[in-house]
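Colleague: Swiss-Prot feature annotations, pasted as is:
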- 26-132: domain 'WAC' (DOMAIN)
- 147-212: region 'Disordered' (REGION)
- 307-338: region 'Disordered' (REGION)
- 364-445: region 'Disordered' (REGION)
- 386-397: compositional bias 'Polar residues' (COMPBIAS)
- 398-408: compositional bias 'Basic residues' (COMPBIAS)
- 430-441: compositional bias 'Polar residues' (COMPBIAS)
- 513-558: coiled coil (COILED)
- 531-555: region 'Disordered' (REGION)
- 578-642: domain 'DDT' (DOMAIN)
- 675-696: region 'Disordered' (REGION)
- 766-785: region 'Disordered' (REGION)
- 813-861: coiled coil (COILED)
- 823-858: region 'Disordered' (REGION)
- 911-949: region 'Disordered' (REGION)
- 1080-1113: coiled coil (COILED)
- 1151-1201: zinc finger (ZN_FING)
- 1204-1308: region 'Disordered' (REGION)
- 1213-1253: coiled coil (COILED)
- 1251-1270: compositional bias 'Basic residues' (COMPBIAS)
- 1299-1308: compositional bias 'Polar residues' (COMPBIAS)
- 1304-1408: domain 'Bromo' (DOMAIN)
- 1408-1441: region 'Disordered' (REGION)
Amino acid sequence: MAPLLGRRPFPLVKPLSEAATGEGEEEVYMIEHSKEAFRSREEYESRLERYAERIWTCKSTGSSQLTHKEAWDEEQEVAELLKEEFPVWYEKQVLEMVHHNTISLDKLVDQSWMEIMTKYADGEECDFEVGPEKYLRAKIVKVHPLEKEEQASEKKSEGSCDSPSSDKENSNKVAQDIQLKEESNRLESLSSLRESDRARRSPRKLPTSLKKEEKKWVPPKFLPHKYDVKLLNEDKVISFVPVDSLYRSERPPNKEILRYFIRHNALRIGTGENAPWVVEDELVKKYTLPSKFSDFLLDPHKYMTLNPSSATKRKSLGSPDQKPAKKSKKSPLSPSSWSLANLKKTAVNSSSSEEEMQLMIGANLNKKGSIGKKSDKKKPKNGKSQVLNGQKISAKTRSPKKGLKSPKLKQMTLLDMAKSTPKVSRAQKGGSNTPRSSSKPNKYLPPAALHLISYYRDNKNREDRKSALSALISKVARMLSAEDRKRLPDDLQELVQKRYELLEHRKQWAVMTEEQREEYMRKKREALKARIKEKTRERKQKEREERLEKQKRYEDQDLTGKSLPTFKLVDTPEGLPNALFGDVAMVIEFLSGYSDLLLPDGQYPVTAVSLMEALAAEKGGFMYLNRGLVVLLQTLLQDEIAEDYGELGMKLSEIPLTLHSASELVRLCLRKSDSPAGENESIEKGDEDSEGSAVYQDDEVEDEYLEKLETSEFFELTTEEKLHILAALCHRILMTYSVQDHVDAKQQRSGELWKERLAILKGENDKKRAAKQKRKEQGTVKPKEEVQAAKIVKKQEKINTQQDNDAEDMISAVKSRRLQAMQAKKEKEEHEKLTKERIERETEEERSRKQKASAEKAFHEGIAKAKLVLRRSPLGTDRNHNRYWLFSDEVPGLYIEKGWVHDSINYRFSPESKQDSEQDAEESEDANSSIGCPDDSTQREEKHAETTVPKQGQNLWFLCDTQKELDELLDSLHPQGFRESQLKERLQNRYQDIMHSIHLARKQNLGLKTCDGQQELLNFLRSDIIEVATRLQKGGLGYLDDTTEFEAKVRTFENLKDFGECIVFLQAAVIKKFLQGFMAPKQKKRKHQSEEAAAKAEEQDEEKKMAEEAKVASAVEKWKVAIRDAQTFSRMHVLLGMLDACIKWDMSSENARCKVCRKKGEDDKLILCDECNKAFHLFCLRPVLFNIPDGEWLCPACQPATARRSSRGRNYAEDSTQDEDEEEEEEESEEEEEEESDEEEEEQEMMGQRLRSRKAAKGKPGRPTRRGRPPKNNTHSRVSRQRYVEDTEADVEEMVRQSKPTSRRQNQEFQKCEEILAKLIKYRFSWPFREPFNADEIEDYTKVVTTPMDFQTMQSKCSCGSYQTVQEFLNDLKLVFGNTELYYEAGSSQLSCLEKTEQCARDLLGKHLPAHTYQRRHRKHQSPEPEPETANPGRGRKQKK
């Protein structure tokens, strides 16, 4: 085994024997891979040069243009593969077929593979079935031949092949029979596939084509041979075992392995099409392979001298006029030698009878169409037959004269006519076609040319006949003259003419000198360049024309192409028409696109399938539909456009929003104008606020739908009505300021991400440029470093030599050890330094990689979210103007919309003016967005190509939910259609997104949660009423002592009127002072005036008081009437929510917190003031109360001032004037009224019954006096009183401090102040302000700073409750920072900490106390005592950051 040189084996040099190599001391040269040994260096080098050339061919794989070593290694790899993959017992079976076979390699592989698959080999190990599911290991000992009938059929086919006059037709017939036999075996094997045939997988990777065949194709059926098998475990032989009882345990080799085996162990001798395969001699001897041909490899000239008659006979068969040729010497090689057949056996038995030979020859002549030609009937003299290129020729047909004798005529039978008629007609047709292209039809072409014509016609498309056809063309090109070449058929004439020119060129080349050859090659190269240039120009021109042609667009309906695939309708539940799927998709897309705004908590998304089921279900869809309504109403009611939405004098945003009140709130939001309560509000607010609710003509709901909602629940409406209301609600939300802000925020975020991305890219480019510049600089410095390194190395070598010379000296030894230790230490330090740098570099790279990945992820997410909030546009339209949609994951699949045009859409395809286009864009709901659309110029050019308009019709939706349908759609879209070209491009660009959506469409829907909507509303109404009653009773806000009977009574109610009476009863049971809103009694606190002034005021305000009471009574009466007239449970829920919102729940004892210690707990020791409802612990009061007093109890702040003065024996009114007292009393009353209004608003905002907090109103019209002038500070009154009474200063301060009650909002603000102070103390830059200054350490501090303050002191004041207002806390905070700025000089560390800490304080105050502003004047050496700063009342709405 060795690589081939070209197609021939190359002998290797034998390795020298050991004795020969041991005798002489001559140097031996050996090649490593082939182990060839040479004594001569010249031979060795010449052989190496030869082996290094790429002229070698691997014998096992056929790979050419390899070096000798590559081919050798490839052969070794194939040998190892065959050891693993090719069992030993198949070797003899395959090699017997290969040896001396003349067919091509592909056919040889197919035949040997079929032989292995249909027959067990001798020596093969298999499983022998001895019982049901019981097998024994056995070995094939003998293969019995088939039965007689099958043998006879085989002999018959072989005999026809062995005929000496067999021709192309016979060989084709044999090949067809074999092919039919293989196909029949394969078809039979499909039904008899055995389950027990276990496949042994190959360790090597097979081609993908074989893998695909294994999946689709079944191995052929075994032939019905019988076998003798020997059991491996026992020494027994069982004879005549049928093939059905044997099972192959190991998979036989595939065709690729067979191909490797045949190439590896056999070689094809010659290059002809019928060249034989010869197995290696070792394997021939090992398996005693029989030789099929005795004289197969004879020289052709010698063979022709022995068999001249064969050529004569073949020439006579090929003549067009069906006449025998006169002379055979004109053609030493017969044309029949080129029409060879693939035969299994070519040797003829010498004992064959004359009759058999005569019959076979006669049959072959009849098939050829030559009736009058028959070979001689006499037996050959020598009894042998000769072979030319694998074809049998009788030895008796030498004499041409005997072959020209006319045989006896016979009567033709019908069978003979049937066989000969098609062949004769074909021969006549071929003969008549030949002279058509000739200028002289009466003159015939030479026989070789005629044979070439027929051979070319039959074999021009066959790969295995190309070499024979090429040789025949060369022969005819040499033989024919120019005139004869012109008479050939056109296609053949061109081939012969080119071959003739090639042969003439070779002759001229042979007689040329070197100069002539160079000149000729130069001209030829120039001509070739010019031709290539011309061809390139023509090719570019053609490509340009093709490209321009492809860019042209035509009307889709004018083009002819594949028909579009038929899609199925979208599967909708019963009761939901297919035409409404578009509205369902619109609602789902809105919820999905604005999920960050509508569903900020990442709630479970609303899907199209579930929404359709909920719409189709009646009572079962209550939970799912109302959840969608709640999601939409949460955003709508908190927006500024819903500030004027009201009912019965209350804003809709203040009513609790639940699943049970959503239906009624939807009706109230979608009204064209608000109820009369809106008019009442407008009367209260004035002309400025009397606009009422906004009217939306574009997105309003029909009145009949809203009238139905008054008498029925939302889930009880029809499917179309529910969907129409959902769509209108989505359109209403699209007009809100929240949506506008959300879209702006997403677009702004997208722009910021683009800027960040560009900055990152710029930074990377800068780094690359810097690294490149650094490499250039290092490249210039490197040679100098190398010179220095070389000098150091030389010095080190000198030192080493000196050390070697003085090695005997002890001092030099010690020095060398020290030097070595120092050098080792230096190397270790250098190594550690390099390791540290490498670790730092790797860490930095990993950090930058993670940062880059996170930035890339954030960028793509931001861009995707920015696209989500824009209008969804279709992917495109097809030839029939059907639109194709790809929605979000909640609406999975590719959807096709048909009949989308209606009367309100003005579809145009001609150029139009700018104004018309803008008007159409406003009118059309389905106008395409600007994103993803082509340029205007291309649109104007392409608009001319569209000449059809979509037709109005029924709106239907279809679904493409399989990859096969999508591929068919892409294949059927025309690439030059105006609409379909764009659609195809977008579908291809988004192919992966569409496949992801199709995959999601296959997931099974979980279904809806079963519920009864009417029962749910009933149960929750009962529980809400009971909850309100219980809270009233526990909080002490009503006149309810025991609610047990009330609860039992409510649980039995089912009628709305009964529930209404319960709610009215609850309203009446609430203590009046704990009501607010439109139910609160309009009473003003009386001012402390003189008796005359009080009488006048009472007379003047009596009419106003009566009007206000009538007004309140009328509002409550309207509410009661609405309760009695309510027809739906959701309406009753809304009215109950109004009552809930009008109760001051923060006044409940459940939420009470001690005013002194501000702590809850110990309810048994907690007492409430009957005037201000503030809570106090008994042990927190001064003096302490040991028991809860009977009757009404007033806190110290609410007790009459005169009573307290008289009880303590103090008099403060003598020295004060009456005007000052009136001014102070008026100021206190105004502040109390303001606080009460603030408390009402705070209570409405802090309601715990809502799903989400409501947005506060922008302006508070009830506080004009507060905005008109700033409130007076309590310090003023305290100072004024100090001027008159100095000895009672402490009592006055305490009385004034307690005269102003602390509201719930202030309690919360004080808690926020404590949190802010705690965070400031923990802030790392606040160390200069945490503790008070030590006067001993810093002596001059008290001289500069008159009023010291620090965080620790502020914290103690907060814990003691010393701060009465947030402004006092802010003043102390400003004092801390002002003292630091006053004492320390510029540039000190304390001032730098001041800036950072003050900025931190500003951020915390803006976050936790946005209603209070922090402003401090930066002045040095000013009076540190702060003045109270009033909040700017006109600052308006806070801007967003």
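Every residue, even glycine, has its Cβ placed from backbone N, Cα and C.
Could you tell me the structural context for the features on the list?
Modeller: Over the domain 'WAC' (26-132), the average per-residue pLDDT in this prediction is 88.
Beyond the ends of the region 'Disordered' (823-858), by six or more residues, the same chain brings 753, 756-757, 760 to within a C-beta distance below 8 angstroms of the stretch.
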Colleague: Short question: which residues 6 or more past the ends of the region 'Disordered' (531-555) have a Cβ under 8 Å from it?
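Modeller: Same-chain contacts beyond the ends: 942, 945-948, 975-978, 981.
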Colleague: Over the span of the region 'Disordered' (531-555), count residues by DSSP class, listing helix, strand and coil in order.
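Modeller: Summed by class, the stretch gives 21 helix, 1 strand, 3 coil.
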Colleague: Could you tell me how many residues in the region 'Disordered' (823-858) are helical, how many are strand and how many are coil under DSSP?
Modeller: 36 helix, 0 strand, 0 coil
